[in-house]
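Here the structure comes first, spelled out in structure tokens, and everything after it is commentary.
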Amino acid sequence: MKGKGRRNSPQHPKAGTPSPSSWLEGLVISHLGQGLAVETPDGNIILCQTRRRLGDVAVGDRVKWAPSEDGVQGRVEEVLPRSSMLIRPGYAGKLKVVAANLDRVFIVISPSPAPDWLLVDQYLAVCEFRQIPAEIIYNKIDLAEDRDHALAELNDYVRIGYPVHPVSAHKGLGMVELKHALHGHCSIFAGQSGVGKSSLTNTLLPEKNLRTGEISERSGLGRHTTTAATLYNLPEGGYLIDSPGVAVFGLAEIKGQDLAWGYREFQAHIGHCRFNDCRHINDKGCAVREGVENGEIAPARHLRYLKLLDKLAQPDTVWE
Ligand SMILES: Nc1nc2c(ncn2[C@@H]2O[C@H](COP(=O)(O)OP(=O)(O)OP(=O)(O)O)[C@@H](O)[C@H]2O)c(=O)[nH]1
Ligand SMILES: [Mg+2]
Ligand SMILES: [Zn+2]
């Protein structure tokens, strides 16, 4: 990777700044109160600050970092090119990268708290735009009074090709299949607070793997902020990011006129609408509406599309 895709390299390194040839590779595994936790290829964890004006550095980023003179800490000098990223709105209208280099998003839902289907659609739309395959985990299946009924609610998603994994972190149900789906991928768990993302993560990790609290312990970095997304290495390759609540990604970058593309079952219809600027609401000759009427598109999904469209049109919408 040396010299390849190098961005933001300092033009005139200051005296005392280690030269790029001494930079080391690392993987950002969490944001701590005092800086970034960066994992080295040999499994050490170093607390790093970031070089000024480097821009966002996110969990999952592969970076080049320079050790400090005492060798205890480091400074991230460069972020290597990303294969993908998830973004959310930050302060002052700026966008913030929250996770990088993912190739799977697992949306976690549960019977309690009950699924927020609008949020599920929102996540799926973002994944369509970012071209990251998404899957759905139905956790706490042990709590579902009628399992078949609970899973039937997901039929609309199964029909359009989203894999659904019914599991229970507590009872260990469905975990073998879930492990298989995660195997070798760089994945993130996203979903409402309390659906069991951290419980699942803990169940999936072997004893020797890092747990949230241990990152601070092993690296002597002090308390870990419980609000931070954290990356864990999966025993057979790939990694998993456990994220806090829903604040991981929003529709920040999607414009109203593009939202229909985020509904994958609309895609084949969109080009057949009578008008190029069809909004797929009540427009004349709308092929998406026809799809709803003839049963090719689930009415519930189309209704939620209308709701999200509405949300996008509100200038003061605060995206979670
Ligand atoms: N019955 C049951 N409870 C579960 C299961 N998985 C998790 N829980 C419980 O659900 C609650 C929330 O679990 P967490 O793992 O903290 O949820 P989370 O999604 O990480 O929540 P945030 O970190 O706030 O986003 C805890 O009380 C867990 O014990 C399950 O499979 N069955
Ligand atoms: Mg959690
Ligand atoms: Zn249309």
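A Cβ is built for glycine as well, from the same backbone N, Cα and C atoms used for every other residue.
Feature annotations, courtesy of TrEMBL:
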BINDING   N139, K140, I141, D142, G191, Q192, S193, G194, V195, G196, K197, S198, S199  GTP binding site
BINDING   C273, C278, H280, C286  Zn(2+) binding site
DOMAIN    92-249  domain 'CP-type G'
DOMAIN    100-247  domain 'EngC GTPase'
REGION    1-22  region 'Disordered'
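Highlighted here would be the binding-site residues (I141, C273, C278, H280, C286) whose C-beta falls below 6 Å from ligand 1, but none qualifies.
The Cβ of C273 (Zn(2+) binding site) has 21 other Cβ atoms within 10 Å, all protein chains considered. Across the structure, H280 (Zn(2+) binding site) and G191 (GTP binding site) are spaced 28 Å apart at their Cα atoms.
Take the mean position of the Cβ atoms of C273, C278, H280, C286, the recorded Zn(2+) site; other residues of that chain with a Cβ within 8 Å of it are A260, H269, I270, R274, F275, R279, I281, D283, G285, A287, V288, R289. Sorting the domain 'EngC GTPase' (100-247) by DSSP state (H, G, I as helix; E, B as strand; all else coil) yields 52 helix, 30 strand, 66 coil. Averaged over the domain 'EngC GTPase' (100-247), the predicted model reaches a pLDDT of 86. A separation of roughly 38 Å, to the nearest angstrom, links the Cα atoms of K197 (GTP binding site) and C278 (Zn(2+) binding site). Comparing the binding-site residues N139, S193, S199 by how many other C-beta atoms lie within 10 angstroms of each C-beta, the top residue is N139.
Counting in whole angstrom, C278 (Zn(2+) binding site) lies 44 from S199 (GTP binding site) by their C-alpha atoms.
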